[in-house]
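Database features (Swiss-Prot):
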ACT_SITE  Glu125  active site, proton acceptor
DOMAIN    152-395  domain 'Radical SAM core'
DISULFID  Cys159-Cys400  disulfide bond
BINDING   Cys166, Cys170, Cys173  [4Fe-4S] cluster binding site
BINDING   Gly221, Glu222, Ser255, Ser278, Leu279, His280, Asn357  S-adenosyl-L-methionine binding site
ACT_SITE  Cys400  active site, S-methylcysteine intermediate
Amino acid sequence: MPAGRAVSGRLENDMTTHAMTDAARAGAVTRRGVPRHLADFSLAERRRWVAELGEPSFRAVQISAHYFGRLTENPDEMTDLPASSRRELVGVLLPPLLRPVRELACDNGLTRKILWRLSDGAYVESVLMRYPPRHSRHAALGAEADADGGSRHGRVTLCVSSQAGCGMGCPFCATGQAGLVRNLSAAEIVAQVAVAARTVARGEMAGGPGRLSNVVFMGMGEPLANYRSVVDAVRRITEPPPEGLGISQRSVTVSTVGLVPAIERLATEGLAVTLAVSLHAPDDELRNVLVPINRRWPVRDVLGAAARYAEVTKRRVSVEYALIRDVNDQPWRADALAAQVKEFLGRLGHVNLIPLNPTPGSPWTASTPRAQAEFVRRLAAAGVTVTVRDTRGREVNGACGQLAATVEFRGRTVQETPAPSMAALDDAVR
């Protein structure tokens, strides 16, 4: 395994083929206590890891095929592995990363939110959504669908978390108000997707058996603030088995509040994922309040980086805009947004309007239907492609901006924070 990513424990020189030492098992744990997992590594790295464990390197391919291709972690189902070492080998390469704590469903079972407890006691949430056949191709969180819409049962999208909490501090977002606990490992991200893919494949949600077709990095956390783990996870999600889960890169969306250097770096990765920029205001005065990182990278810098991403990848950029009543829904802001999207992104720009989802204690609400309709009309009249997001999961606090695990972690409640003050908006919104 490469330097910096090798298992930390040194193996005994006299390790036999089927006997794994305590050092090898200890080496499967990172310094922060998060277990190393097969999904953290490329297939070549997995081969070297297995060889260091004293097993033939092709065992890595076999276990990878089970995890990514057959969507199983159960050693009893891996009958091509020797019975004498099967459980121990699987236990080292596929340690449990997520434990379900609570599951809530709505939309007649077509939307499911799961609260996960991680190995160190941190919590994250993910949301699985099934859309009927011929549903609007942009409704699922702005993600693009495969040509067949996912399956004959309709597209299935997973909203995945990349961090426990979030450090961006956006005042209208429950996760942003919770604060950052830690980054997730690549495998912790991939595990959310693998569980969802298995759930859909086995028909364990409404609509019967199907295929997970889309993944959006729009759950808890700022994906590009956890850059290396997110990019590694995207590769595991999109590479074909036994390397990964085989979901099309074009069906993966990575969102960001606008970390300009990370956007520019993402453009060099050779990935064809959709970039979604959480803009929420066309002017720096208001965006400084709604998205505090704007003080570091203002609107034009963010859109400039998004334009370069679109130019390099030839992929459409989705501009995310949460409509907040009497805050950012004024007609002149619609006109300003349209002008900026046309200037920077042209035909590769798309605006995804999001009716603000309620969060506990927040004084803000969604725009009125009339204001929303006028905002849409002005964007469309200016020649900008625009859609209004389907607000799936509101009933279970699983919609955009609502994810924040309300649980105790290391002595503090993760969601219970004071409602944001409106004072800072008094001048900016006018």
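Every residue, even glycine, has its Cβ placed from backbone N, Cα and C.
When the recorded positions Glu125, Cys159, Cys166, Cys170, Cys173 are screened for a Cα within 10 A of the Cα of Glu222 (S-adenosyl-L-methionine binding site), the ones that qualify are Cys166. Sequence-distant contacts (6 or more apart, same chain, Cβ under 8 Å) of His280 (S-adenosyl-L-methionine binding site) comprise Cys170, Phe172, Arg287, Leu290, Val291, Glu320, Tyr321, Ala322, Asn328. Between the recorded positions Cys159, Cys166, Cys159 has the most other Cβ atoms inside 10 Å of its own Cβ, all protein chains included.
The shortest Cα-Cα distance from Cys159 (disulfide bond) to any of the recorded positions (Glu125, Ser255, Leu279) is found for Glu125. Taking only the Cα positions, the spacing between Asn357 (S-adenosyl-L-methionine binding site) and the residue listed as 'active site, proton acceptor' is 16 angstrom. Sequence-distant neighbours of Ser255 (S-adenosyl-L-methionine binding site) (same chain, 6+ apart, CB under 8 A from its CB) are Val216, Phe217, Met218, Pro223, Leu275, Ala276, Val277, Ser278, Glu320. In terms of C-alpha distance, the listed recorded positions Glu125, Cys166, Cys173 place Cys166 closest to Gly221 (S-adenosyl-L-methionine binding site). In this structure, the CA atom of Cys166 ([4Fe-4S] cluster binding site) is 17 Å away from the CA atom of Leu279 (S-adenosyl-L-methionine binding site). For Glu222 (S-adenosyl-L-methionine binding site), other Cβ atoms within 10 Å of its Cβ number 27. Rounded to a whole value, the Cα-Cα separation of Cys173 ([4Fe-4S] cluster binding site) and the residue listed as 'active site, proton acceptor' is 14 Å. Here the CA atom of Glu125 (active site, proton acceptor) lies 23 Å from the CA atom of Leu279 (S-adenosyl-L-methionine binding site). DSSP classifies Ser255 (S-adenosyl-L-methionine binding site) as strand under the three-state reduction. The DSSP secondary structure for the residue listed as 'active site, proton acceptor' is strand. On the 0 to 100 pLDDT scale, the domain 'Radical SAM core' (152-395) averages 95 in this prediction.
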